[in-house]
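Read through the structure below, which is laid out as structure tokens, and then see the notes.
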Amino acid sequence: MHIVVCIKQVPDSAQIRVHPVTNTIMRQGVPTIINPYDLFALEEAMRLRDKFGGEVTVLTMGPPSAEDSLRKALTYGADRAVLLTDRFFAGSDTLATSFALATAITKIGETYGVPDLVFTGKQTIDGDTAQVGPGIAKRLGLIQVTYVAKVADFDPAARTITLERRAEGGTQVLKSKLPCLVAMLEATNEIRRGSMENALRAARAEVVKWSAKDAGVQDMSKCGLKGSPTIVKRVFAPSARAEKAKFIEAPEGGNLADALIAEVFARQPNLEADLTALARGF
Amino acid sequence: MSEPKTPPAPAAGGRASTKKELPEHFKAYKHVWVYIEQERGQVHPVSWELMGEGRKLADKLGVELGAVVLGAEGETVRGAVAEAFCYGADIAYVVADPVLTDYRNEAYTSAMTDLVNTYKPEILLLGATTLGRDLAGAVATTLLTGLTADSTELDVDADGSLAATRPTFGGSLLCTIYTLNYRPQMATVRPRVMSMPIRVEKPVGRVVEHKLGVVEDDIITKILSFLPDRDSNKANLAYADVVVAGGMGLGSPENFQLVKNLAASMGAEFGCSRPLVQKGWVASDRQIGQTGKTIRPRLYIAAGISGAIQHRVGVEGADLIVAINTDKNAPIFDFAHVGIVTDAVRFLPMLTEAFSKRLSAHSRDKLAS
């Protein structure tokens, strides 16, 4: 069995700072991490491999420095890492990204064996679109199952997979066939600690590096900015409300909590009666 | 609409595509569509919120507002179609087939792309729910068009292009995204980001029925069962009247109990900012903000939340925002209405006690003192 896991190296978003004057992102010195949602996908893929045999290949598209995230994935226990890196990919939106990744997955299939499963995280923490997974699935003609909370059953011989999928108001249990693409939900498992053996292997391992051409891209106009139908015209910081917050302080001899409550009910006169009615109902 | 003087050639330079050069075959694309999402017989309220927004866009463009209803034949679909007209639809596009009884990506993507290719809308809006995002990503890729996820503001500019604004860079800034040269222009919007439009009783108008292009045998995925959420576990954050939330300023996971206590004293729902979910202090269904729930309560109390943009866009629809933070320069005070500069950990118990006292009083007269 062969499983491809798509990961993304993202800035540790808790650390992003916006320049106060120019309103641009200050990227310098921001540490990068594997997109946290992708770790649930990687762990789930490795669990299936550990149980049923086979290999896990991690794939990412990004600048040469994204190799760090791939090595980290090898440390966790992935068998192989492929980095798709080329200036032609710069400026890709989700459609162009899904084209590049789908092309690379086809190439991975030709080179290392056709994948039975492709795993992704639910979304990335920098883009937050959740669109690349479905995009890859559609481009490769794979069944797509997103927001997966659990792989309930897996039968490699029958080539079927049963998944619990988060839906509005409940959980869908659905059965599908391989090959398919699974986008894992957060908190569905916990990434294992990398073993010393894997750490040593990861340090020595060769990360496969492909340019667009190496990956088999024929039509460069489908990559990067040119291949992106969406155009970001303006990036800006939202303006502050014209009126700043009114700061409440404790009145002389009074209590701050009561002062706040008086202010709240003065501004929302009907709220007090409604909350009182609710409180009586308890 | 600007007419290109020369036939649209493939963009030569990297940035050439930022000019509007709509190819000839896309010029027939007109009208605004909203996907009316149903799961298990219920229309998701986000669909009506989008109808309100779609109506505004359609009126600005001088085009029709279409409602797309997909599902099994029967009362559910008929009901959704009838409601769509009460929420402003000029026309409804319906694909009704037993294959569409439960949401499955393959069948729904087929139905939606088929409708788009046949009736050619210029704008297609979907709710950013688990269903809507799953469907939108597949439809946009199949149609090879642009899709903006989780838009917080929609508008059409002077030349009729859809301008979709959303947070970017992990929610630290906003950006406005266009799909100039492809159609339809697609966007998803999270529940509660747009306000609910007023429902006006109206008769059913024009309905276009379209046949589904696939049969059950074509669909590989089968639904085995559906496990509904137990109500007790369901956080009704998005539609709550009062919400209390905590952030990193609480300092420890134990202190989150103070937020829960205040919420309980007022019959409110509780939530948190993103870092608390990432740290594993609070379950993800309690997260408020761009990547969590968007709320529009009458009162929102934010305790120890700094107010990053990704949080701000999730709470801006609240009627009254009260922020409690030790840092008087915290960004949350830029959009809160009322601020308290103090340590939330110390202040929350006092506020809880004061609210309990005031709300448990027996008559309103007594409260006035």
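Placement of Cβ uses the backbone N, Cα and C atoms for every residue, glycine included.
Residues or ranges marked as domain 'Electron transfer flavoprotein alpha/beta-subunit N-terminal' by TrEMBL: B:32-223. For B:273-274, B:287-291, B:304-311, B:N325, the entry in TrEMBL reads FAD binding site.
Distribution of TrEMBL features across the structure.
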residue	record	contacts (Cβ under 8 Å, 6+ apart)
B:S273	FAD binding site	B:A245, B:G246, B:G247, B:M248, B:Q287, B:I288, B:G289, B:I305, B:S306, B:A308, B:H311
B:T291	FAD binding site	B:G171, B:R274, B:Q310
B:G307	FAD binding site	B:A323, B:N325, B:A330, B:P331, B:I332, B:F333, B:D334, B:F335, B:A336
B:I309	FAD binding site	B:P167, B:G171, B:S172, B:L173, B:L174, B:Q290, B:P331
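Chain A comes close to B:T291, taken from the binding-site residues B:S273, B:T291, B:I305, B:H311 by a C-beta to C-beta distance under 8 angstroms. Just so you know, the Cβ of B:G289 (FAD binding site) picks up 25 other Cβ atoms within 10 Å once every protein chain is counted. Of all the binding-site residues listed here (B:Q287, B:I305, B:H311), the one with the fewest other CB atoms within 10 A of its own CB is B:Q287. Within the model, the domain 'Electron transfer flavoprotein alpha/beta-subunit N-terminal' (B:32-223) carries an average pLDDT of 95.
Under the DSSP three-state reduction, B:Q287 (FAD binding site) is assigned to strand. Classification of B:H311 (FAD binding site) by DSSP places it within a helix.
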